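Visitor: Quick one: the structure is below, questions incoming.
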Amino acid sequence: MRTNLPVTDREQEVLDEHAIVSKTDLDGNITYVNPYFCEVSGFSAEELIGAPQNIVRHPDMPPEAFADLWNSIKAGFPWTGLVKNRCKNGNYYWVKANITPIRDAGRTIGYMSVRVRAERDQVVKAEQAYRAIRQQPKDKPGIKIHHGEVVLPGLANLLGRLRHASLAMRIWASTSLVNTLLAGVCVASLLGSDGRNTALSYGIFGATFIGLIVNVFLWYTLRVGMLQPLNHALHGARAIAAGDLSARFDTDSTDEVGQLLRALQQMNSNLIATIRDVRMNVETMAVATRQIAAGNADLSGRTEAQAASLEETASSIEQFAATVKQNADNSVEANTLAVNASTVAQEGGVIVADVIATMDDINSSSKKIVDIISLIEGIAFQTNILALNAAVEAARAGEQGRGFAVVAGEVRNLAQRSATAAKDIKNLIDMSVGKVSAGMEQVHRAGSTMEQVVKSVQQVTAIMQDISTASREQSIGVDQVNSAIAHLDQVTQQNAALVEQAAAAAASLAQEASGLSQAVSLFNFGHTLRPRGGKRPAKLQPGNVKRLAA
């Protein structure tokens with residue numbers, strides 16, 4: 001026998017409202033477990049499916065209990081008894097196990113076990129009995145287990161067997177006892193006749209013989225009218241307990257046994273209708289959950305792709321924001337330079353205007369100098385004429401005027417020289433006036449150019465101001481777009497998480513549907529189950545899947 005170790009003295013609680021269900025094949029290997037089995041035992045479904053049933057056997061259970069279990073179910077009888085099982089971590093739990101064979105087409109294909117919480121007083125008695133069985137000698141067994149019930153030795157065993165005897169056995173024993181008594185009366189009446197009461201003896205013999213025949217007839221009537229229908233009901237109930245709903249309880253009787261058979265037939269019909277509806281709903285739910293899971297998987301992929309695109313967009317927006325910010329900073333610097341250039345240009349315009357005014361003054365002064373030079377020329381011409389007149393008068397005076405003639409000659413020379421110098425100065429002044437006039441024209445043109453430069457610089461300054469303002473607004477807009485992208489990315493990440501949760505929920509629902517389908521598959525209808533109206537469960541349309549996945 002397999003011994004599972006280690007074990008602890010801590011008991012695992014089994015709740016009243018739950019049942020531990022499993023299904024095994026003919027070799028005792030587990031083929032199905034319900035979720036509560038995994039919850040109580042601590043094993044996962046993957047560890048249990050395919051493993052032998054004794055993976056949860058506790059060392060305190062006597063081998064005789066499992067030998068009786070297998071002998072009972074292999075003989076086609078159900079088995080009910082208290083079992084102590086071991087958890088994966090070594091803890092233990094007590095259950096009341098109900099094990100029935102699963103039959104299909106008249107042959108046993110496996111076994112189903114439904115375990116519920118055991119009452120505490122039953123656990124105490126079972127612990128004492130199992131301990132005594134483990135301690136008794138193997139060659140002289142005293143306490144036995146029969147169909148899950150503990151059978152004590154000796155007189156207690158006999159009384160227990162009588163107490164648990166079948167109804168047929170009890171009726172047979174009662175009628176046999178009555179028949180024996182009647183036969184004894186018959187024999188006594190014949191043997192006790194002395195010839196004086198022969199007629200009375202024969203009368204008693206006849207009456208007892210008729211009573212014997214009536215008793216036998218009553219036994220036959222009870223056997224045919226009650227025991228056989230009850231056996232039929234018993235076999236049908238066992239089949240239903242094993243999940244075979246193909247049993248039929250046909251009867252024409254209207255007595256209590258007939259009513260019992262009709263009630264069992266109605267119960268079986270109700271179970272078939274309920275299980276049929278559950279199975280079809282499970283198939284529909286399985287199709288829906290698979291399509292929902294597929295839709296969620298597709299939505300999850302598209303959401304992840306969207307999240308990746310948003311991350312790339314956010315990165316590009318960040319780079320664009322940095323570029324826009326740099327452009328805004330450069331436009332601010334360019335605006336500052338343009339303002340400075342405008343200021344310098346305006347100052348240059350003022351300076352050029354001053355130069356123009358100065359050149360105008362120089363031009364006016366040059367014209368005045370020309371007038372003075374003309375005056376000097378006129379004075380030199382007059383002086384030269386006076387010198388000529390003085391020389392003429394000195395010549396007339398003769399010897400007395402010779403000195404005066406010398407002076408007049410010198411004055412004439414000075415006048416000529418003054419006239420020559422004045423002429424040279426006039427030429428220079430004319431040249432200067434010409435150059436000043438040319439300079440005036442250039443200065444005027446420079447002034448006009450400076451005015452245009454100032455206007456252009458002012459326009460450039462205004463444009464740079466607009467560019468700077470637009471760059472700031474663009475930078476603010478890009479920051480807002482970046483914030484919106486970041487928020488959208490966060491929302492997308494949350495959507496991706498929700499989609500993953502929905503996918504996990506759909507997978508869990510599909511697993512639950514599969515478990516429910518396996519649980520319902522324990523019931524056999526004796527024929528292939530078809531949906532009402534010959535229709536298959538409706539499939540979800542792709543549009544519906546997308547709406548559900550959204």
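Here the Cβ of each residue, glycine as well, is placed from N, Cα and C on the backbone.
So TrEMBL lists the following for this protein:
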type	residues	note
DOMAIN	25-50	domain 'PAS'
TRANSMEM	171-193	transmembrane segment
TRANSMEM	199-222	transmembrane segment
DOMAIN	224-276	domain 'HAMP'
DOMAIN	281-510	domain 'Methyl-accepting transducer'
REGION	527-550	region 'Disordered'
COMPBIAS	529-538	compositional bias 'Basic residues'
Visitor: Summarise the domain 'HAMP' (224-276) as counts of helix, strand and coil residues per DSSP.
Guide: 39 helix, 1 strand, 13 coil
Visitor: Which numbers of helix, strand and coil residues does DSSP report for the domain 'PAS' (25-50)?
Guide: 11 helix, 5 strand, 10 coil
Visitor: How does the model score the domain 'Methyl-accepting transducer' (281-510) in terms of mean pLDDT?
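Guide: Mean model confidence (pLDDT) across the domain 'Methyl-accepting transducer' (281-510) is 79.
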